[in-house]
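Enquirer: The structure that follows is given in the form of C-alpha cells.
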Amino acid sequence: MKLFVVLACLAAPGTFPFVDAATVIPANSFSSFSTYWNNFYPWGTDHNGSGRMASANIIVASNTLSLIATPTSNPSPPTSTSNPKPAIHYASGAIHAKEHITVTAANAYTVSGEFSAPTAVGTWPAFWLTAVSGWPPEVDIGEWKGTADNWFNTFNTSSVVKSTLVDWPTDLSFHSVKAVLTAQSNNKDVKIDFYMDNKFIVTQYGSGFVGKAMYLIINLQMEGSSGSPGPSGRTVYKARNVQVTRTGN
C-alpha cells in the first residue's frame, strides 16, 4: 500500500500509476503458435502488394518464424482483393496476434522483436500495428521498403504521417526493434518511443489513439511501395523473440 501511495503521487495528472507488468505475448510464443497467433492478415490473404499469403509459406522452427515469398503463376484470382488491387506475383506469408493492443490511461504497451529483414527491391516486410475498426491508427515498428532502411511510422491520417528512417544492415543478420506506447495526460493521444538494438531513436505521437484497439501483424508483402520488379527467386523474412508486455495499475 505504501508503494502504491508513493507511485500515485508521482503519476501524471489524468493517468494511473504503472505498478504491474503483464506478459501478453511471451518471447517464446512461436513455440506455442496456435495459442497466440493466427495465419494471414486479420482480413484475409491479400493486401496492397503483389504477395498472396499461403499457409505453406509460414514456417515455425526453433521459436523462429520464417515467412517465405516465392514467385507464383496463374494465381486465382489474378489480382489482390484489397486496394489498389495489384496483380499477384508471389505466394508469401503473414500472421497476426490473437490479442489486440489497446492503449489506455491505465495501460501502456511495449512491443518488440528481433528480425532478419530482406532489403532488396521488391521486398516489403513489416512488423506493425493497425486499427481493428476503421483506420487509422497505424504504427509501423518495422517496415522495409526495398532499401537498406527501416521505417518507423505513425499514421494519424493518410496525409498526416511521421516517418523516421534508420540504417538497416543488408546481411540478413538479426536486429531488434521496439515501440513503447503510452497514453498522454489528455487521455486522447499516445506517445510512441521507438528503439533499434536497444538504442532510443525517436518519439512520435498518435493523435486520438487512446482506447483504439489495434492488431499486431508480421508479414512479408512484395513489390508495391518497395518497387518492382521483385526477386525472381525465394525471399525469406525471419522473426524471433517477439514479445508484448502490458504495464498497468
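Just so you know, glycine gets a Cβ as well, placed from its N, Cα and C.
Okay, so Swiss-Prot annotates it like this:
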- 1-21: signal peptide (SIGNAL)
- 34-247: domain 'GH16' (DOMAIN)
- Asn48: N-linked glycosylation site (CARBOHYD)
- Glu138: active site, nucleophile (ACT_SITE)
- Glu143: active site, proton donor (ACT_SITE)
- Asn156: N-linked glycosylation site (CARBOHYD)
Enquirer: Can you count the other CB atoms that lie within 10 A of the CB of Asn156 (N-linked glycosylation site)?
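Expert: Summing over all protein chains shown, Asn156 (N-linked glycosylation site) has 18 other Cβ atoms within 10 Å.
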Enquirer: Could you check the active-site residues Glu138, Glu143 and say which one's CB has the fewest neighbouring CB atoms inside 10 Å?
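Expert: If we count Cβ atoms within 10 Å for the active-site residues Glu138, Glu143, the smallest count is at Glu138.
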Enquirer: List the same-chain residues at least 6 positions away in sequence whose Cβ sits under 8 Å from the Cβ of Asn48 (N-linked glycosylation site), in sequence order, or say none.
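Expert: Asn48 (N-linked glycosylation site) has long-range Cβ partners Ser80, Ser82, Asn83, Pro84, Pro86, Gln221, Gly224, Ser225.
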Enquirer: State the Cα to Cα distance, in Å, between the residue listed as 'active site, nucleophile' and Asn156 (N-linked glycosylation site), rounded to an integer.
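Expert: Here the two Cα atoms are 7 Å apart.
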Enquirer: What kind of secondary structure is Asn156 (N-linked glycosylation site) part of, going by DSSP in three states?
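Expert: Asn156 (N-linked glycosylation site) sits in coil per DSSP, no helix or strand.
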Enquirer: Could you state the CA-to-CA distance between Glu143 (active site, proton donor) and Asn156 (N-linked glycosylation site) to the nearest Å?
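Expert: Here the two Cα atoms lie 17 Å apart.
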Enquirer: Restricting to the domain 'GH16' (34-247), report the mean pLDDT as a whole number.
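Expert: Across the residues of the domain 'GH16' (34-247) the model's pLDDT averages 98 on the 0 to 100 scale.
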Enquirer: What does DSSP say about the residue listed as 'active site, proton donor': helix, strand or coil?
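Expert: For the residue listed as 'active site, proton donor' - judged by DSSP and reduced to three states - the answer is strand.
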